[in-house]
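Swiss-Prot annotations:
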type: BINDING; residues: 40-47, 174-180, 199-203, 268-271, Ala325; note: GTP binding site
type: BINDING; residues: Ser47, Thr180; note: Mg(2+) binding site
type: DOMAIN; residues: 32-353; note: domain 'G-alpha'
type: LIPID; residues: Cys3; note: S-palmitoyl cysteine
type: LIPID; residues: Cys4; note: S-palmitoyl cysteine
type: REGION; residues: 35-48; note: region 'G1 motif'
type: REGION; residues: 172-180; note: region 'G2 motif'
type: REGION; residues: 195-204; note: region 'G3 motif'
type: REGION; residues: 264-271; note: region 'G4 motif'
type: REGION; residues: 323-328; note: region 'G5 motif'
Amino acid sequence: MACCLSEEAKEQKRINQEIERQLRKDKRDARRELKLLLLGTGESGKSTFIKQMRIIHGAGYSDEDKRGFIKLVFQNIFMAMQSMIRAMDLLQISYGDSANIEHADLVRSVDYESVTTFEEPYVTAMNSLWQDTGIQHCYDRRREYQLTDSAKYYLTDLDRIAAKDYVSTLQDILRVRAPTTGIIEYPFDLEEIRFRMVDVGGQRSERRKWIHCFENVTSIIFLVALSEYDQILFESDNENRMEESKALFKTIITYPWFQHSSVILFLNKKDLLEEKIMYSHLVDYFPEYDGPRKDAIAAREFILRMFVELNPDPEKIIYSHFTCATDTENIRFVFAAVKDTILQLNLKEYNLV
């Protein structure tokens, strides 16, 4: 009998040791894998940031991968021009050249989501439309309707994109717009640590899916598009995009789930802010702004303050960076700083510093 008990005790001890070893391993693995949750409203630059991580810290994009974006680039071109053609009617702008009415009808007749090629007569129609003085005036009034940020980038380079041997460049890929539906995870290794970056859809309809992502989040990276101070929401014509972004940020930083997560604020699209601030005045949309006009630095510092002031916890530091998600060198530099911040905070969490 004693022999049996001894065997049972040995087995129990072995099981206990196994459990303890597994728990230690789980804790070690949790420390080695850092979960970064990318949050922000639609079109703030989250997907572009993940693409940059793939370029900087991952496998990048092979020629085959690049070819996979060709169709999306074509669709973005049709989508952008169709948005402007619709806006021409809405804003009651006349075409500079009446021949472009026919070109507009041709482009309008296409279902952009089913576009797979970019050939004649569409190339000529697009080129002619983009050079039209009416369309250019319509482009200048883009804050009054929905137009992708990449419209000008693609439409000024139509001949390159329409070439028979066209393959998407990295910049084409970074600028292509495809709304994120569902949750995209991108894991990458850096200095023996696995970073798991999670991108969730920013449009309102996507936000109910976020709840699953809230466990064990090391850091939240919240993206704000600096250029959206004068724009309306995709989902609602009378709501300011930046006000929506502020409301979302306030909700996120007060969630109990994120009590122990560090918060990093990316004030993105600083390049677009620099262009826009020269003709669209911040004070017209945020009357409390009392800084100089046409001053991008003063404008972005004011926007940063607006977001930081939403933090109700004086103990919680909001780490912030001004970014341009389509600029690989800028993101390389910024993420190196972010990585150091996250690692330092993570070591403190595990009492290793």
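The backbone N, Cα and C atoms fix where each Cβ goes, and this holds for glycine too.
Features as recorded by Swiss-Prot, highlighted on the structure.
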residue	record	Cβ contacts under 8 Å, 6 or more apart
Ser47	Mg(2+) binding site	Ala178, Thr180, Ile184, Asp199
Leu174	GTP binding site	Thr48, Lys51, Gln52, Ala325, Thr326, Thr328
Asn268	GTP binding site	Ser44, Gly45, Phe49, Leu223, Val224, Ala225, Leu226, Thr323, Cys324, Ala325
Long-range Cβ neighbours of the region 'G5 motif' (323-328) (under 8 Å; 6 or more residues past either end): 45, 48-49, 52, 55-56, 170-171, 174-175, 223, 266-271, 334
Tally of DSSP helical, extended and coil residues in the region 'G2 motif' (172-180): 4 helix, 0 strand, 5 coil
Which of Ala178, Ala325, all binding-site residues, has a Cβ with the fewest other Cβ atoms inside 10 Å: Ala178
Binding-site residues compared (Gly40, Ser44, Thr180, Val200) - the one with the fewest other Cβ atoms within 10 Å: Thr180
Conformational class of Ala325 (GTP binding site) under the three-state DSSP mapping: coil
Helix-strand-coil residue split for the region 'G4 motif' (264-271), DSSP-based: 2 helix, 5 strand, 1 coil
Averaged pLDDT, computed only over the residues in the region 'G1 motif' (35-48): 92
